[in-house]
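Student: Let me begin by handing over the structure; questions about it come next.
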Amino acid sequence: MEKINYLLPEESAEMTLNQVKSLRQIEGRLRKLFGLKNYQEVMPPSFEYTQLYTALESNGKTFNQEKMFQFINHEGQSITLRYDFTLPLVRLYSQIKDSTSARYSYFGKIFRKEKRHKGRSTENYQIGIELFGESADKSELEILSLALQVIEQLGLNKTVFEIGSAKFFQRLCNLADGSTELLTELLLKKDLSGLNAFIEKNNFSKELRELLKEIFITNELSRLENLVTNTKDDVLISSFKQLKEFSEKLSMIKPIIIDLGMVPKMDYYTDLMFKAYSSAANQPILSGGRYDQLLSNFQEEAVAIGFCCHMDTILKALERQELEEDND
């Protein structure tokens, strides 16, 4: 009798018993928190028509179809395993909207093809919320404040919270004059030496050169403000002013770092972006932002903002943190 191979497929990810226990505990705390804030839990389908992702555009881009798990259903139509939660919830909001605003929470997996040698899984568990239809200022402060409260519920000791602006990033790319891909790569990798070489090869203004040279190494608000103001660029200045206001309003909860080199994780982010990190993880534990443009694809005009917790990263960070504490 041939021996059966019980190894998991490359695409699979299996949680340990301790990880499942920790996940359910965190889920319980966050369900309670979201419920107190009037976020209704929803369960989007595991499959969507592929067209939901490929037909929608944001900032002139579509979703990466190569990363989607696609199938042909019994009707001969292309369907896709859930690529993210945001688009299905945008669709839901546009279909059942019965008021000017809506608050949703979700708990579940997304599926994206990833290269295994990068240490990423193709199935990832997420917990998140989305807020639709409130005023911009109110929704941004509510979501940022709630994100900070969520971080406190995760059980991680050393965390940092960073905010950035998709508008600021897009303006930098425009000023880079045709070098968007290279600048994006340098900012993503926080490659200081590569960025300096990039600056020297381009005929940027003195003020833009100074800003780019210090974009990774300066966290002091007054210095950042001077660098941005000196560019005399309205978009850069207004975007920074907004980030500064958020930092000042939320600093009572947790210190906020302004990252002017933050690159949008998703193409649909249009304004505020934010990420949280743990010293026990090399990937963000939480990320989010505003994505108003997506709603226009459904003939809706409203402020939309949300975030998700990357639970696989969080659970591994908790294990690493526990090991470090045991070794101390």
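Going from the start of the chain as shown, residues are counted 1 onward.
The backbone N, Cα and C atoms fix where each Cβ goes, glycine too.
What TrEMBL records for 26-328 is domain 'Aminoacyl-transfer RNA synthetases class-II family profile'. Positions annotated as L-histidine binding site by TrEMBL: ASP84, PHE85, THR86, ARG112, GLN126, GLU130, TYR268, TYR269.
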Student: Starting from each candidate's C-beta and looking 10 angstroms out, tell me which of the binding-site residues PHE85, TYR268, TYR269 has the most other C-beta atoms.
Tutor: TYR269
Student: Ten-angstrom check, please: count other Cβ atoms within 10 Å of the Cβ of ASP84 (L-histidine binding site), all chains counted.
Tutor: 20
Student: Return the single residue from the binding-site residues list (THR86, GLN126) that has the minimum number of other CB atoms within 10 Å.
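Tutor: Counting other Cβ atoms within 10 Å of each of the binding-site residues THR86, GLN126, the minimum falls on GLN126.
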Student: If you pair up every Cα among ASP84, PHE85, THR86, ARG112, GLN126, GLU130, TYR268, TYR269, the residues annotated as binding L-histidine, what's the maximum separation in angstrom, rounded to an integer?
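Tutor: Farthest-apart Cα atoms in ASP84, PHE85, THR86, ARG112, GLN126, GLU130, TYR268, TYR269 are separated by 21 Å.
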Student: What mean pLDDT does the predicted model reach across the domain 'Aminoacyl-transfer RNA synthetases class-II family profile' (26-328)?
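Tutor: A mean pLDDT of 91 is what the predicted model shows over the domain 'Aminoacyl-transfer RNA synthetases class-II family profile' (26-328).
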Student: Around the C-beta of ARG112 (L-histidine binding site), how many further C-beta atoms are within 10 angstroms, looking at every protein chain?
Tutor: 19
